[in-house]
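Enquirer: Below are the features listed in Swiss-Prot for this protein:
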BINDING   25, 26, 27, 28, 29, 30  ATP binding site
């Protein structure tokens, strides 16, 4: 197949005497790949088909496995197949089905690479997959090289992962299968709209193809441009971060806040990426641009100290002019704060710990749902408002009860961890009345009249729950 030959020429690859693992599901994409490799690689190379039965569809998925095994036997291709109870793995590791399937699949590929000392893992992702992936990344707010989608060549284990079909469409591969009489299996779940990718595939991609039949080629060109730009910016960031990082070890990195904030914003964001990728071994999904900006806003604020929780036990501690990223347990620090909210217009207040309060200006008609949203007005309280940490003797007048209740007792009732109580935000009015404990309790000072033109709405966002940044930011 010319596509594979062009790919080898572009990336200066030689398959002489090497071992290649081809991921084969039994669908048209991977069967076209297996056929093309079988008729392209030299006789000195070893080609191994790798199939994973995720056990999602019982006997049907087992038939897919036998189909791949039978095809390989007929064509004289070595085949490695495995059955993995992915649903059980997902439950044990708190993953969704698709993420668990991918993790299990790539773990098997990695095992085969080691066992057979293979140089290359080759997969059948095509141009339509690339379009879907890039659109999904944009919709999620992915930053950096993740926006470039699927990489055609990247490091994998001790070798390389190759995707030679990214300039071909799904229709190209179906035509290749038809022309060469290549059998394949069809997964009925691909026709359902249960998964995000399928919704993009069924409803967005057809529209784009009507506008431009070669849209996959356009997206692949953009992906390559983005990758080249990002690699340059990453190299520049690495150079600049040498002056930002004051110390580092396997468990922690300390930086100068002043030096980080002195960098241009694109390098600040990538600097945070580099630190997280250095520290994490197996990282959750990538941060969005919003999450990165929240972190940078947090360290930009006045205040000598504070802490922020990242996924998988990573702590970030701000202390005067430095910031420490570490997996080690932090000593308790004074994280008290006291901020003013004028209520004159829309504003966002980033709090120590990474959470925030968003204020909608006077006249907001937003409906209130849950304890993360609260409305008030000059009719109910005296402005300005203040956001502070708890104080000894704090009491609050809750809706629907006589008298007042200790804030300490509310924290106990709501099972707020001891480590978070001293930094939990409390909103008061100008004379010290506690009017709201964000995320926990509302008070008698709430304004429910949406026609009140002086009404303002406050929304509490717990950004510390955001997920982490992956080492392979594309996820592919």
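FYI, residue positions are counted from 1 along the chain as it appears here.
Using the three backbone atoms N, Cα and C, a Cβ is placed for every residue, glycine included.
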Enquirer: Does DSSP put residue 29 (ATP binding site) in a helix, in a strand, or in coil?
Expert: helix
Enquirer: What other residues of the same chain, not counting 25, 26, 27, 28, 29, 30, have a CB atom within 8 A of the CB centroid of the ATP site?
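Expert: Apart from 25, 26, 27, 28, 29, 30, the close residues are 24, 31, 32, 33, 124, 184, 185.
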Enquirer: Including all protein chains shown, what's the count of other C-beta atoms within 10 A of the C-beta of residue 26 (ATP binding site)?
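Expert: Excluding its own Cβ, the number within 10 Å is 24.
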Enquirer: Would you mind ranking the binding-site residues 27, 28 by how many other Cβ atoms sit within 10 Å of each Cβ and giving me the lowest?
Expert: 27
Enquirer: Taking the Cβ of residue 25 (ATP binding site) as the reference point, list residues of the same chain whose Cβ is under 8 angstroms away and which are at least six residues distant in sequence.
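Expert: Listed in sequence order, they are 51, 52, 64, 68, 185, 187.
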